[in-house]
Amino acid sequence: MGSLKPWARYLLLLMAHLLAMGLGAVVLQALEGPPARHLQAQVQAELASFQAEHRACLPPEALEELLGAVLRAQAHGVSSLGNSSETSNWDLPSALLFTASILTTTGYGHMAPLSSGGKAFCVVYAALGLPASLALVAALRHCLLPVFSRPGDWVAIRWQLAPAQAALLQAAGLGLLVACVFMLLPALVLWGVQGDCSLLEAIYFCFGSLSTIGLGDLLPAHGRGLHPAIYHLGQFALLGYLLLGLLAMLLAVETFSELPQVRAMVKFFGPSGSRTDEDQDGILGQDELALSTVLPDAPVLGPTTPA
């Protein structure tokens, strides 16, 4: 495959990506199609039964108009249920979570602006906030990556590992740490706190949040009629989890992207030719790495004067 032209490599990568998309669509169609059709038939049967029972006092046209209004409100995150103890969607904690979902591109979709002014503000806010967020993430990544790489460097020196092995061990350790602290542990907490949530749904929510998929079909404490203080506490906890978890996920992804195996795969699809100085910058060989970590045994002699 090394003899392929660059355009053929890109075409191969594109075809593999499209094939993966098609395979995912076929699997989801097979898994989700029957339950969706069953739910649709169940709703239609219940609606027909309700119309037959209350046809005299509630015409079908009025019922359809009422359901349409309820669904339109639900699309903007406005619930029509009588949860009087739950606060408004646009209180301060909910608004903070909404702005965080914009700046992190998570976009849970549980609420959306109704007014034209709100929609215009979201466009301007995202256009200015997303580049600022990317710059902040780049600065934090540059600051935190050396800190998280110190344990891996110590292990590499202790066990006399090759640079490629040390990088792989460091990436695996950081990935396992992020998976346990920001994926498994929050999922267990969510599973224990939210009674109507299974462990699979909790893991599904955590992964959807940290991967910025943000499907929004599950949101902790949303629509449960909780006391306002508990609801606000849950919103702030979710906000902190989203910000810290995304930063940890980006650090793990950056560590994996620097692996020699990953760089070799990326280089395979890049333009052929000799490696540039930028590719070689900061790369030490095994002998250089060993010399840089061993202190000299002999003291440094000062300048001698001629006799």
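The backbone N, Cα and C atoms fix where each Cβ goes, glycine too.
Swiss-Prot annotations:
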type	residues	note
TOPO_DOM	1-10	topological domain 'Cytoplasmic'
TRANSMEM	11-31	transmembrane segment
CARBOHYD	Asn83	N-linked glycosylation site
INTRAMEM	92-118	intramembrane segment
TRANSMEM	120-140	transmembrane segment
TOPO_DOM	141-172	topological domain 'Cytoplasmic'
TRANSMEM	173-193	transmembrane segment
INTRAMEM	199-227	intramembrane segment
TRANSMEM	233-253	transmembrane segment
TOPO_DOM	254-307	topological domain 'Cytoplasmic'
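Taking H, G and I as helix, E and B as strand and the rest as coil, DSSP gives the topological domain 'Cytoplasmic' (141-172) the counts 29 helix, 0 strand, 3 coil. When pLDDT values are averaged over the topological domain 'Cytoplasmic' (1-10), the model yields 74. Nonlocal intrachain contacts for the transmembrane segment (233-253), taken as residues 6+ away from its ends with a CB within less than 8 angstroms of a stretch CB, comprise 93-94, 96-97, 100-101, 104, 106, 137, 140-141, 144-145, 148, 171, 174-175, 178, 181-182, 186, 206, 209-212, 219-221, 226. In the topological domain 'Cytoplasmic' (1-10), the DSSP tally of helix, strand and coil residues is 5 helix, 0 strand, 5 coil.
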